[in-house]
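Below is one structure; the comments refer to it alone.
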């Protein structure tokens, strides 16, 4: 028996598959590049502007956002931005000192890093909510990358290499933003970041026990086992005075966090908490001569603005491997954290941030920072949350913070030299407790077990191995999952929803009707060399499992975004196998790119235009007509 069905070209006007001439290579290449690097098409409004002067103005506003919002600035916005800027400064001072200590660099570098970068971000940043500064995870990762031996024996060289790593971070981030390679950051999934931040919080919490117990000797390793071993081995050094002060500070800080959660309008109580700890700690340590009672302090902090550090950059080939590793890994983490935080707060205000512009801003911030005695900065969650709750309207709040930090560096820095290390440890511990997102981990467990596995691999990898190994393992699991999605694409059998022309997955909609004589299958991903064998075997298995004989296979390709030659040959092979069983293959709604390749490879000629339809309903009607009119030959 030879089955022929009504050609799609005889369908009502506008209902048939469009077999127009395929686009040229140049047109397709341009389209691909646009969708890969410019999916948001940021330059379209600029290109449509007829006036050359206005076009130049818009282009300048795109690359330097301050020219967009500053002309519209008014005193009403300034009032809110000044309040927000002063509030985040109260957090920037203790965090700057604390995180510099975490990175094993002089505390004054932490203050320097809260002075220059905010000005740079205010000029080039696109988020109205982000407050920039140093972060705990990257601070610890930098120290871990260069190692205990260098930190202990060559502190000056270590500081120079940190400035160099910051330059590498900035150049890397700028290049990613300029080349619009934000897609690379997407490999750090939400699950990976949740687990990584949680694991990092655990090891940072445990490391702060050195300050809480007043220990002199302590390991620089970051895994849980080594840290606990070091604490127990040095228990003879435990100081009750330091422990008592640390517990009091920690209880106070957690109380302020509780007040903020219970009464959101009192957010400033939590924001001022770390500064209160620093001020009270300084006063008490000065009055009782804390160093004489076993309470270590920060030590001398000199007055003055950031000295230039461009002459300190070290490109010795012996250290370049470590420098590039520290710069690129911390750069990726800083980007993922900063962009994710900026976007999450922008959503709350119905605003948008441009990820690629943020990368450029972060990159310039770190490049200029590396020349002015700063180390890596990004958008920390705690500071951004305070900035948002304080009512910030524009990036001007970062300018206000920068001005306040300038005053601190010029006049107040030496006063913070009495800050007890136990107070800084309490500040860090309080901040880290908020980074362990138990609710999100439980949510991942309920919704998606594989996402939970990715999260836990980062969490335990960071906690028990190291930060970079934990990150690599988690990203590895994420990539394996993505490859599995590609290699094992979703396929489903469709049935008609009763009394409608809609066709849906019969497993999801058990009431949907199957029709005798044909089977409708839907492919939900690209078909190419990595999954073509699976696609072929899965389709043939669907057909073998049919209890009744079938005459038509209807293949819905609306979910297939692209196909390669291996995929094309697979479809032809399926057609040949089905042909030997007197089963015709019908193609439904091939996407533009897929249809172009089908035409160029002569697939359409081999299968026949009459077996290609725009919709499932059109194909079903044609098959039904054929089944009711064609009689088998005797």
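Cβ atoms here come from the backbone N, Cα and C positions, even for glycine.
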Next on the checklist: With respect to the membrane, are residue 195 and residue 420 annotated by Swiss-Prot as being on the same side?
Outcome noted: yes
Of the ranges 40-60, 61-81, 82-102, 292-312, the one Swiss-Prot annotates as transmembrane segment is 82-102
In Swiss-Prot, of the candidate ranges 7-27, 196-216, the one given as transmembrane segment runs 196-216
Tertiary contacts of the transmembrane segment (459-479), defined by C-beta under 8 angstroms and 6+ residue spacing from its ends, are 137, 140-141, 144-145, 187-189, 191-192, 195-196, 198-200, 202-203, 222-225, 325, 329, 333, 441, 450, 453
Counted with DSSP (H/G/I as helix, E/B as strand, rest coil), the domain 'STAS' (508-623) has 53 helix, 21 strand, 42 coil
Its residues classified by DSSP, the topological domain 'Extracellular' (287-321) shows 10 helix, 1 strand, 24 coil
For the transmembrane segment (322-342), out of 159-179, 359-379, 396-416, 421-441, most C-beta pairs under 8 A are with 159-179
Stretch winning on C-beta pairs under 8 A with the transmembrane segment (421-441) (pool: 159-179, 196-216, 266-286) is 196-216
Spell out yes or no: are there three or more C-beta pairs under 8 angstroms between the transmembrane segment (159-179) and the transmembrane segment (396-416), with each pair 6 or more apart in sequence? no
Its residues classified by DSSP, the topological domain 'Cytoplasmic' (261-265) shows 4 helix, 0 strand, 1 coil
Secondary structure of the topological domain 'Cytoplasmic' (126-130) by DSSP, residue by residue, totals 0 helix, 0 strand, 5 coil
